[in-house]
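**Student:** Sharing the feature lines straight out of TrEMBL:
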type	residues	note
TRANSMEM	27-48	transmembrane segment
TRANSMEM	60-79	transmembrane segment
TRANSMEM	86-107	transmembrane segment
TRANSMEM	113-135	transmembrane segment
TRANSMEM	142-161	transmembrane segment
TRANSMEM	181-202	transmembrane segment
TRANSMEM	233-255	transmembrane segment
TRANSMEM	267-284	transmembrane segment
TRANSMEM	291-309	transmembrane segment
TRANSMEM	315-333	transmembrane segment
Amino acid sequence: MKSTPIEVNHTKKQGQAALWSKIVNKYVLEIILLVIILSMTFASPGFLTTDNLLNILRNMALQGCIAFGMTMVIIAGEIDLSIGSTVALTGVIVGLVSGWLSGAGWMGIDQAALVGIVVAFFAAGLLGLFNGWILTKYKLPSFIITLAMLNVIYGLAAVVSKGFPVTTLPSWYSVIGSGKIWSIPIPAIILLLVFAVVFVIMNHTKFGREVYAVGGNPESARLSGIHVTRVKIICMVAVQLCAALSGILVSSQVMSGSFNFGKGWEMLVIAAVIIGGTSLMGGIGKVWGTFIGLIFLGVLINAMVLLNINEYVQYIVRGLLILIAVLITAIQFQKKRAR
């Protein structure tokens, strides 16, 4: 039985509608981002200037470096809420080590700061190793472990700094957070380098495939020969190292270390990752998506500042974004279970 022209036309329209629906669902974040950019172009003439766009990139770098490490952790089926405290501890460590070594006369402050950076990264790596060990050894939820560590590390940073900013840093240290190469802010360059490294790891290496497998189904991954414990510990170490890098960036911008740095960053980082399409349930996500999520948040926050939107209203908007992102993840998980 042949279809009538009306039926064919109806089927064709249904197919087109389904196609458009698929496109909108797949690129909804990019579409909203484009709308915001176009709206801000008309609302604020200074929005699309080179200086403002580079400023967005520079500001994105602070949480952005952590977001790429967090993407690995969440895809692996875990989460790390302690990263903000690591940001604070890093700056404090660099400042204290610089002061101790140079004050004791063992070396100049320029060399002492380099040692401080190495010590800070080493400390962050140990924190990640500890989080990963507790997580895998005792099978405890990662959000509980890292939430506890969040308070422990902030307390440690406050104790060793005696509650005061640490400012014994050499002049060259400010170049890391405030310098430029070919007019591009160094933090933006560092952000792009971290993105490139994590992108290659997650998309073009055996380890990246193992991370997805572990997050998707840990038991199946174990039965297929993947060392689940090793994968999770490496991811926890990676995000802590990324947090240390962000701590160095922020402390070099203000030329001091403080136990107050990084507070609330974990929410912005997680929001960028989830908005970018990574599922809190694990096994699903893309590093490129996180980059788009970062741009989205960076542009939105910058737009609210340029429009002089009340700071408290900005908190409401950020909170709603996180809620929406979590709801999207929940819907994705329900669809995954229904298949």
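We number each residue from 1, going along the chain as drawn.
Here the Cβ of each residue, glycine as well, is placed from N, Cα and C on the backbone.
From a predicted model like this one, the values you see are computed outputs, not experimental measurements.
Are these features on the surface or tucked inside, and what touches them?
**Tutor:** Outside the transmembrane segment (60-79) by six or more residues, the chain places 87, 135, 142-143, 146, 185, 187-188, 190-191, 194-195, 198, 201-202, 211-212, 214-215, 218, 231-232, 235-236, 238-243, 245-246, 249-250, 265, 268-270, 272-274, 276, 278-285, 287, 290-291, 293-295, 297-298 with a CB less than 8 A from a CB of the stretch.
Counting only same-chain residues 6+ beyond the ends of the transmembrane segment (86-107), those with a CB under 8 A from a CB of the stretch are 66, 113, 115-117, 119-120, 123-124, 127, 153-154, 156-157, 160-161, 166-170, 173, 240, 243-244, 246-248, 250-251, 256-263, 265.
Tertiary proximity for the transmembrane segment (113-135) is limited to same-chain residues at least six positions away from its ends with a CB under 8 Å from its CB atoms, namely 78, 80, 82, 86, 89-90, 93-98, 101, 107, 142, 145-146, 149, 153, 169-170, 172-173, 232-241, 243-245, 247-248.
Residues 73, 78-82, 84-86, 88-89, 92, 95-96, 127, 130-131, 134-135, 236, 257-259, 263, 266 of the same chain lie 6 or more positions beyond the ends of the transmembrane segment (142-161) yet place their CB under 8 Å from a CB of it.
Sequence-distant contacts of the transmembrane segment (181-202) (same chain, at least 6 residues past either end, Cβ-Cβ under 8 Å): 54-55, 57-58, 60-62, 64-65, 68-69, 71-72, 75, 175, 208, 211-212, 242, 245, 249, 253, 286-288, 291.
Same-chain residues lying 6+ beyond the ends of the transmembrane segment (267-284) with a Cβ under 8 Å from its Cβ atoms: 29, 63-64, 66-67, 70-71, 74-79, 83, 212-217, 290-294, 296-297, 318, 321-322, 325-326, 328-329, 332-333, 336.
Within the same chain, residues 29-30, 32-33, 36-37, 39-40, 43-44, 46-47, 52, 55-57, 59-60, 63-64, 67-68, 195, 268, 271-277, 317-318, 321 sit at least 6 positions outside the transmembrane segment (291-309) and bring their C-beta atoms closer than 8 Å to a C-beta of that stretch.
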